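Scroll down for the structure; my scribbles are underneath it.
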Amino acid sequence: MRALIVLVLLAVLVMAATCYESHESMESHEYLNPFLNRQRANGFIRDDTGLRAVLQERIRERNKAPQERQREICEDFHLCEQYALNHGYPAAYRHYFGRRRNK
C-alpha cells in the first residue's frame, strides 16, 4: 500500500512538471488576440503608388458605366439617396435628375 502511494505521488509530480505552462508562451501578444484590427490589416501590403498605378486609376475613373455615374450623382444628393432606398437608384435618378437634361 505504501508503494502505491509513493507511485501515485511520483506520477502526480511528473505530470505537474511536464504539463506546466510557462509564462514565455503567454508573452506573445498573438496568444490573447490572434486577429489584426482594421487599421493594421493592410499595413504590411505595399501600395502601388507608381505612375502606372495613377494612370490606371484615372483610366478607370474616366471609363465608368453610365449607371455608376448616375448612382454617384444620386449618392451625393441626400434626398435622391433616401428616395433610392425605397425605389432603387435608377428610379431615384430619373425622379430627381432625369427632367433636367431635357430642358
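For all residues, glycine too, the Cβ spot is worked out from N, Cα and C.
From a predicted model like this one, the values you see are computed outputs, not experimental measurements.
Among the features that Swiss-Prot reports, disulfide bond is placed at C74-C80, with the record citing sequence analysis. Within the same chain, residues at least six positions away from C74 (disulfide bond) with a Cβ under 8 Å of its Cβ are C80, E81, A84, Y89, A92, Y93, Y96, F97. Taken residue by residue with DSSP, C74 (disulfide bond) is part of a helix.
The domain 'Gla' feature in Swiss-Prot is assigned to 52-98.
Per Swiss-Prot, 4-carboxyglutamate is recorded for E21 (among others).
According to Swiss-Prot, the phosphoserine annotation covers S22 (among others).
Summarising the annotation, Swiss-Prot assigns phosphoserine to S25 (among others).
Positions annotated as phosphoserine by Swiss-Prot: S28 (among others).
Look at E57 (4-carboxyglutamate): DSSP puts it in a helix. Residues annotated as 4-carboxyglutamate in Swiss-Prot, with sequence analysis given as evidence: E57 (among others).
Listed in sequence order, the residues of the same chain lying 6 or more apart from E61 (4-carboxyglutamate) and placing their CB within less than 8 Å of its CB: none are present. Annotation comment: Swiss-Prot describes E61 (among others) as 4-carboxyglutamate.
If you look up Swiss-Prot, you'll see E68 (among others) marked as 4-carboxyglutamate. Cβ neighbours within 10 Å of E68 (4-carboxyglutamate), excluding its own Cβ and spanning all shown chains: 10. Taken residue by residue with DSSP, E68 (4-carboxyglutamate) is part of a helix.
What Swiss-Prot records for E72 (among others) is 4-carboxyglutamate, and it gives sequence analysis as the kind of evidence. The Cβ of E72 (4-carboxyglutamate) has 11 neighbouring Cβ atoms from other residues within 10 Å, across all protein chains displayed.
Marked as signal peptide by Swiss-Prot: 1-19.
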Cβ packing number for E57 (4-carboxyglutamate), 10 Å threshold: 11
Average the per-residue pLDDT over the domain 'Gla' (52-98) and send me the rounded value. 88
Between the Cα atoms of E72 (4-carboxyglutamate) and E57 (4-carboxyglutamate), find the distance and write it as a whole number of Å. 17
